[in-house]
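Pulled from TrEMBL:
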- 1-58: region 'Disordered' (REGION)
- 44-58: compositional bias 'Polar residues' (COMPBIAS)
- 66-149: domain 'GDP/GTP exchange factor Sec2 N-terminal' (DOMAIN)
- 67-151: coiled coil (COILED)
- 156-197: region 'Disordered' (REGION)
- 156-172: compositional bias 'Polar residues' (COMPBIAS)
- 184-197: compositional bias 'Polar residues' (COMPBIAS)
C-alpha cells in the first residue's frame, strides 16, 4: 500500500484543469466559455477517474493484506492458546498428583502415629503390670524375711523352736507341719526355715537310698530352677503327686484350687476362730460345717478356703485340708529354692523334696494327723 502511495506521489495530477465545484460571482460567464472549450474538459475527468480507481485498488489491496495479517495473527493466537491449554492441563494433572500424594502421606503419617501411640500404651500397661508384680513380690519377700528373723530370734539352745528344728518333733508332727493355714507368708517361711538351717534327719529305723533318675532330674532342675511344668522334674511330680493329690470329686472346684495353689493365692482359715469380714457378708459359702465342698460328702468341716480375693469361701474336710496343705508345702519349698533362700547342698534339698512328696502321697491315701 505504501508503494502505491509513493507511485501516486511521483505522478502528480495536472494543474489548471480542475473545475471548481462552486463557481464564484465573478465567473458567471465562464460556462459560456466552457462550452466553447468542451474538448479540453474530458482530459481532467479521465485523470480524476484514474486516480479514483487507483485509490480504490489500493484500498482493496490494503484490506486484503490487513485481513491476511489478521488471519495470521489469529492463527498464532490460536496456536498459543492451544499450547497454554495443554500447559494448564499438564499443570492441573501435576497438582492433582501432588494432592493425592499429600493425602496418602498424611494418612500414612496419622496411621503411623496411631500405631506408635498404641504400642506405647501397650508397653506402658505391661510395664505397670510388671511393676505391680515386682512390688507384690517385694512385699511378700519382706514379710517372709521378717518371719524368718522372728523364728531365728525365738530359737535358743536352751529353748529351741520346734518349727525351726523339725528333727525335735515327733515323726507324725514333723510330717505334717502347718502351711497356708492362717497366713501364707508366715507359714511358708516356717516351712522353708527348717530346710535352710538344719538338714532333715532320717526317721529312726528308716533306711534311704537315692534314686539315680530322680536325683539327676532334681540336679538338672536345680541348675536353673523354674516353676514351669514342662521340665522333667516338675512334670513327674505333677503326674505322680500334685495331680492325684488335688483330684477331688468336684472337678471344677478342684481345678480352681490347683490354680490358686500354683499362684500362691489360696488361703485356709479355721471356721470357729475367725468370722467372715464385714465386707464379705454376701460372699458365697459352698458346702457347710457338715458338708465338704470338694468331696461332696457329709463331713465335719473345721476349715474353709478362699481362692484369691474373690471373697467366696468353701468349707473343706480335714482330709481335703491335709491334701491341700501337703501340696502347698511342696510349692512353698521349691519357690524358696528358686528364689535362692535355701542354702544347702543338693542332696539335703533332694531329701526334703522327697519327704514333701511322701506327705502328698500319704495325704492322697487318706492319712492325716488327728489335729487336722
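Note that Cβ sites are derived from N, Cα and C of the backbone, with glycine treated the same way.
No curator has checked TrEMBL annotations; they are predicted automatically.
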How do the residues of the compositional bias 'Polar residues' (44-58) split into helix, strand and coil according to DSSP? 15 helix, 0 strand, 0 coil
Can you tell me how the residues of the domain 'GDP/GTP exchange factor Sec2 N-terminal' (66-149) break down into helix, strand and coil by DSSP? 84 helix, 0 strand, 0 coil
